[in-house]
Amino acid sequence: MDQTKKLAKALFNNSSNPKLAWQLFKRIISSPNPSNSFSHFHQFVPFITRILLRAKMFPEIDAFHQLLLSLPLHTSHPSLTTTVRILADSGHLTQAISHFRSIRTHFPSNPPSLSLYNFLMESCLRENSVGYISWLYDDLITAGHSPETYTFNLLIGGLCDCGRLEDARKLFDKMRDKGCQPNVFSFGILIRGYCRAGLASTGLELLDVLKNMGLSPNAVIYNTLISTFCKEGKTDEAEKLVERMRKDDLLPDVVTFNSRISALCSAGKIIEASRIFRDMQLDDELGLPRPNIITYNLMLEGFCKKGMLEEAKTLVESMKINGAFTKVESYNIWLMGLLGNGKVVEAQSVLKEMAETGMGLNVYSYNIMMDGLCKKGMLTDARLMLYSMKRSQVPPDTVTYSTLLHAYCTKGKVLEANNVLSEMVKSNCWPNSYTCNILLRSLWKEGKLSEAESLLQKMKEKGYGVDTVTCNIVIDGLCKCGKVDKAVGIVSEMWDHGSAALGDLDNSFIDLLDDNSKWKECMPDLITYSTVINGLCNAGRLDEAKRKFAEMTERNLYPDSIVYDTFIHSFCKIGKVSSAFRVLKDMERKGFNKSLQTYNSLIVGLGSKNQIFEMYGLMDEMRERGVSPDVFTYNSMISCLCEAGRPEDAIYILDEMLQKGVSPNMSSFGFLIKASCKTGEFGIAREVFDIALTTCGHKVSLYSLMFNELLAGGEILEAKALLEASLDRCFDIESFLYKDLINRLCKEENLEGATDILKKMVHKRYGFDPASFMPVIDGLGKRGIKHEADELAERMLEMASHGNVTNKVYRNKRELSRAKPGKYGGSDWQAIVHRDDGSGIALKTLKRVQKGWGQGSTLSLQPQKNDYLDIWDGTS
């Protein structure tokens, strides 16, 4: 056997050993006259090229290229171009272009074929590397080739994909000047470009140009236009196109109808989509195509997204009967729909059904279920789902672990999150940048700055791409930690150093940085500037925020409505309402509409200036524009009206809230109750209180508020009844001004009422300020009811000595220090016992009680450590 043939056979036999195969191929190349002794030499070229590519032996591929260049032209040239094609087709475009340029340099008079130029242009578009296309086109002309229609179609498609529609149209118009006639595909590519850019009307105009050139549009062009018009809500135009399609002897196919249904479902127009779907299911005499599995899935997804679960369930049953519910994709849509609407139990039943019917649960099915459980906060069930996946031999992927990780981090359970991360690595499922960003955000949220910095270090060491998202997380964390200056510095540095700007953080992270290009590829985006502007505004540094706004626009980053809302909110917060409206004017000039946040900020700003008429005007505008006010909007109106002494008008706002289904909160009722009691309109206050009980339930804060306001307004008996009702409900009455009530009852000679309150509190085993006994003891003493006075004094001393009560109600130390000491007030009840203000009845009573106990002084009343007085002083 010839030596070359032996080597060739050995090469084929050792294809699984790339290094040996390469050595054998070099032997073939170096053998005497290989092209003569082995006539099929060029067949080995794709074989060895693919072997080297699979092994990622790129230096050897470059050496192979040089070896081929050394061969005679008739052997090397086709082999070299074959290698270029294989490299480009495998996604290694940079190497392919490099080898192609080398061929052009070595063989300038023997240019590659036009088809190779077209193939490389097509590969550039596929790999999103449009930078090479311009050079390829220029070299194509230099090589003496005349572009063909296919070449122009590629170029037009590339320009459309880059959003350069004007250039695409110019090239389209120049085709005939270059000797090429546009074909139906040329029109289809340009029409699709216009449709993607939201310019379907312009695309429709091209349909007339196409017909004037004697060409007939195909179904793809019609389907593209029909789908776009449906997405834009122009259903009438879409229906006209369907009729026009029929006139052109093109029957609308299932793709046409699926496009319409998909577009309508995406736009939330499920009723219109279901009508088309129903027509497709009717008798074939209508000439409509029958729905396929894609049609069913589109409708199922549409019903689920709209929350129409009954319709979705009916459709599922219908699909089962028709044999259309047999794919895992349909089950996954149904799973996602159930979980998206909070139907976890039903979703678990569907998952079980999939397992029992041998549907073949895939990782996507489990991930849908995992995501639904995590969003409902059912982390234990999500954990069990992970174990179930492993038992079912479905390996969890990065999405599975990241979903669970995100859920734990959201709940602040960093330890559990770390456990998931460890388990993830042990399962040979490596975290990606998204996973690390989840952890990083959680650490910043928890204020664990050193741990966050350590994670950044690990991300760098492991080679994870630190991207703009990572930088934005760090910037947001710094702003929330009050380190706004550091955040601003990082944004500035990002323009020059990319994510290496994170080296400005404290400690040693800067030492880890190098010239790795991956660290320089992230630039500030709109979120970056939104975050730092918000941080500056929250810190009251509006002038600096405005400078960042100007810098953002200079960098060709244009603000969205969120940035404008940030400025409007900040100006309104500090009372600069006119400045806020100037920002609003600029915002609307840029095409942004007022959001709920915008209206709320402006209403608060106007309220601070007591401009009630203008506030009403904004509320009316909200209704006209279909922006529904929320509880914050209504509370702002109620607060302002109450402060202006107009509780009756505020009641109308409360009525509107209830009618619109917006649930008032405690603030809503608090404003009204306080304002009504302040103006003496206790009837309105009682009415509001009753509504609050119905809406919010029997809350301590509501009873406390009503009690204190009634007491302040002189409604003593009603306040007493409310306190007694609170005691019956065993409320913690710390915030109730019960001492003031007892004082007022005693002053009004209602000792019985005051005594009843004290006895009820003692009976319910409440702990309370011993000074509360004093006015009652004095009053009983003055009336000569010494026995009952002695009993109360004895009870008071017993409470203070033993500290054996529960449900403590003392106000905190700060409140007590602010309170004005009255006759029976103050923070030290023993000082009251030792007073000598002329009446002295309580003092005499206490001394008599103490003497009866055989104790010589009140020092014995000093409580032991950690008892009643420690709690009173706020030391335990």
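Here the Cβ of each residue, glycine as well, is placed from N, Cα and C on the backbone.
The annotation repeat 'PPR' is assigned in TrEMBL to 183-217 (among others). For the repeat 'PPR' (183-217), same-chain residues at least 6 beyond its ends with a Cβ under 8 Å from one of its own Cβ atoms are 149, 152-153, 156-157, 159-161, 163, 165, 168-169, 172, 175, 224-225, 227-229, 232, 234, 237, 241, 248, 250.
Beyond the ends of the repeat 'PPR' (218-252), by six or more residues, the same chain brings 184, 187-188, 191-192, 195, 198, 200, 203-204, 207, 210, 259-260, 262-264, 266-267, 269, 272, 287-289 to within a C-beta distance below 8 angstroms of the stretch. Annotation source TrEMBL lists repeat 'PPR' at 218-252 (among others).
The repeat 'PPR' feature in TrEMBL is assigned to 253-283 (among others). Sequence-distant contacts of the repeat 'PPR' (253-283) (same chain, six or more residues past either end, CB-CB distance under 8 Å): 219, 222-224, 226-231, 233, 235, 238, 242, 245, 289-292, 294-295, 298-299, 301-303, 305-306, 308, 311.
For 292-326 (among others), the entry in TrEMBL reads repeat 'PPR'. In terms of DSSP secondary structure, the repeat 'PPR' (292-326) contains 27 helix, 0 strand, 8 coil.
Below 8 angstroms of C-beta separation, residues 293, 296-297, 300-301, 303-305, 307, 309, 312, 316, 319, 368-369, 371-373, 375-376, 378, 392, 394 of the same chain, each at least six residues beyond the ends of the repeat 'PPR' (327-361), sit close to that stretch. According to TrEMBL, the repeat 'PPR' annotation covers 327-361 (among others).
Per TrEMBL, the feature repeat 'PPR' maps to 362-396 (among others). Taking the repeat 'PPR' (362-396) as a whole, pLDDT averages 90 in the prediction.
According to TrEMBL, the repeat 'PPR' annotation covers 397-431 (among others).
As annotated by TrEMBL, repeat 'PPR' applies to 432-466 (among others).
When DSSP labels each residue, the repeat 'PPR' (467-501) comes out as 31 helix, 0 strand, 4 coil, counted as helix, strand and coil in that order. According to TrEMBL, the feature repeat 'PPR' maps to 467-501 (among others).
Counting residues of the repeat 'PPR' (525-559) by DSSP class, helix then strand then coil, yields 26 helix, 0 strand, 9 coil. TrEMBL lists 525-559 (among others) with the feature repeat 'PPR'.
Distant neighbours of the repeat 'PPR' (560-594): 526, 529-530, 533-534, 537-538, 540, 542, 545-546, 549, 552, 601-602, 604-606, 608-609, 611, 621, 625, 627; these residues of the same chain sit at least 6 beyond its ends, with a Cβ under 8 Å from one of its Cβ atoms. Per TrEMBL, repeat 'PPR' is recorded for 560-594 (among others).
Among the features that TrEMBL reports, repeat 'PPR' is placed at 595-629 (among others). Sorting the repeat 'PPR' (595-629) by DSSP state (H, G, I as helix; E, B as strand; all else coil) yields 26 helix, 0 strand, 9 coil.
Each residue in the repeat 'PPR' (560-594) gets a DSSP state, and the totals come to 26 helix, 0 strand, 9 coil. Break the repeat 'PPR' (218-252) down by DSSP state and the numbers are 26 helix, 0 strand, 9 coil.
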